[in-house]
Amino acid sequence: MFIDEVRILVKAGDGGNGCLAFRREKFVPRGGPSGGDGGRGGDVTLVCSEHANTLLQFRFNPEHKAERGRHGEGSQRTGAEGRSIDVAVPVGTVVYDEATGERLYDFTVPGERFVVARGGRGGRGNQHFATPTHQAPTEHEPGRPGEEKRLRLELKLLADVGLVGFPNAGKSTLISRISAAKPKIAAYPFTTLEPNLGVVQMEGFRSFVVADIPGIIEGAHEGHGLGIQFLRHIERTRLLAHLVDVSEESGRDPVQDFEIIMQELARFSDQLVAKPMIVVATKMDVAQDPARVEALRDLAKSRDLPFFEISSATGQGIDALKHAMADRVLAPVPVPE
């Protein structure tokens with residue numbers, strides 16, 4: 001888990017101005033005041049959406065402004081209200097007022113709504129200022145300004161996809177290839193000493209979070225290697241991507257590596273090993289023995305697990321893998337009616 005944080009500006013619509021007008025009718029040379037009121041400004045509402053996974057979209061669009069109300073008109077006509085806007089945020093987003101530090105709202109359930117900036121009231125037209133002794137008032141009010149706030153949005157990110165596999169199976173290299181994360185990468189075990197998380201951006205501002213879980217070794221469920229604490233990080237992921245080095249450089253058997261990791265997951269938690277999983281053969285650019293790849297493919301097929309071949313160095317298979325992950329963890333985008 002890590003904290004994603006963005007700062008945004010929200011501005012509700014100003015109210016429309018009240019109108020200064022008088023009745024103009026035939027045979028009524030001195031008609032009374034008829035200025036209508038200004039319309040109310042639109043609100044800015046934050047809406048908790050299951051279709052939002054991260055705060056990435058706010059980095060591209062940090063300002064959100066509702067429409068101002070229309071001005072009042074003669075004949076006591078009130079101006080139209082400004083259009084309000086809804087701004088989607090992910091479940092788990094906490095909203096703070098940047099100026100005061102006050103915690104304004106904590107979104108926990110899809111569909112929750114919070115009006116974060118209210119539109120300004122429309123100004124009164126001159127019809128409201130007439131009295132028995134003041135029958136031709138020229139007073140009229142400007143609209144009230146809509147609320148404007150600078151907000152800090154904070155999201156505790158849980159990974160949608162957990163990358164598991166032996167040390168140096170290529171997890172850190174893959175996450176650096178498909179996201180903006182820059183984990184430490186080197187050719188020795190336990191380069192990754194804590195989970196790295198990266199946000200993977202897809203088309204249409206959709207995104208999901210991938211966690212590069214530190215290398216699991218035999219005995220991890222008992223605390224060996226980097227221990228049990230890192231297995232806990234993948235308990236709440238929606239998909240496991242099991243990376244297996246199929247090159248000869250490792251000096252290891254890909255099938256045996258796969259089986260050992262599966263045993264460690266099962267010993268830690270039955271629910272963990274039952275999670276949706278895909279199998280990813282890594283380092284295909286330096287894999288010289290096709291039999292090693294085929295053996296792993298056959299094993300994945302026997303367990304009814306999708307199988308992918310990639311090279312993070314050359315980009316082979318990366319796009320197909322990204323889309324396969326997205327298809328499994330992102331909710332379908334609703335089609336407008």
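From the backbone N, Cα and C atoms, a Cβ is placed for every residue, glycine too.
Given the structure is predicted, the values throughout are model-derived calculations rather than measurements.
Per Swiss-Prot, domain 'Obg' is recorded for 1-158. Confidence across the domain 'Obg' (1-158), taken as the mean pLDDT and rounded to a whole number, stands at 91.
Taken from Swiss-Prot, the feature compositional bias 'Basic and acidic residues' covers 61-74 (among others). Long-range neighbours of the compositional bias 'Basic and acidic residues' (61-74) within the same chain, counting only residues 6 or more positions beyond its ends whose Cβ lies under 8 Å from a Cβ of the stretch, are 6-19, 21-22, 24, 34-44, 80-85, 87, 117, 119-120, 122-123, 125, 140, 143, 146.
Annotation source Swiss-Prot lists region 'Disordered' at 61-83 (among others).
Per Swiss-Prot, region 'Disordered' is recorded for 119-146 (among others). Each residue in the region 'Disordered' (119-146) gets a DSSP state, and the totals come to 4 helix, 2 strand, 22 coil.
If one looks beyond the compositional bias 'Basic and acidic residues' (137-146) by at least 6 residues along the same chain, the residues whose Cβ comes under 8 Å of a Cβ in the stretch are 11-20, 33, 35, 38, 41-42, 66, 68-69, 71-72, 117-126, 129-131. As annotated by Swiss-Prot, compositional bias 'Basic and acidic residues' applies to 137-146 (among others).
Among the features that Swiss-Prot reports, domain 'OBG-type G' is placed at 159-330, with the record citing sequence analysis.
What Swiss-Prot lists as GTP binding site is 165-172, 190-194, 212-215, 282-285, 311-313, and the listing cites sequence analysis. In three-state terms derived from DSSP, Ser311 (GTP binding site) belongs to neither a helical nor a strand segment and is classed as coil. In sequence order, Thr282, Lys283, Met284, Asp285, Gly317 are the residues of the chain that are 6 or more apart from Ser311 (GTP binding site) and have a CB within less than 8 Å of its CB.
Annotation source Swiss-Prot lists Mg(2+) binding site at Ser172, Thr192, citing sequence analysis. The Cβ of Ser172 (Mg(2+) binding site) has 25 other Cβ atoms within 10 Å, all protein chains considered.
Of the listed binding-site residues, namely Lys171, Lys283, the sparsest Cβ surroundings within 10 Å are found at Lys283. Helix first, then strand, then coil: DSSP counts for the compositional bias 'Basic and acidic residues' (61-74) stand at 0 helix, 4 strand, 10 coil. For Asn168 (GTP binding site), the count of additional Cβ atoms within 10 Å of its Cβ stands at 24 [all protein chains shown].
Here the Cβ of Gly165 (GTP binding site) has 25 other Cβ atoms within 10 Å, regardless of which shown protein chain they belong to.
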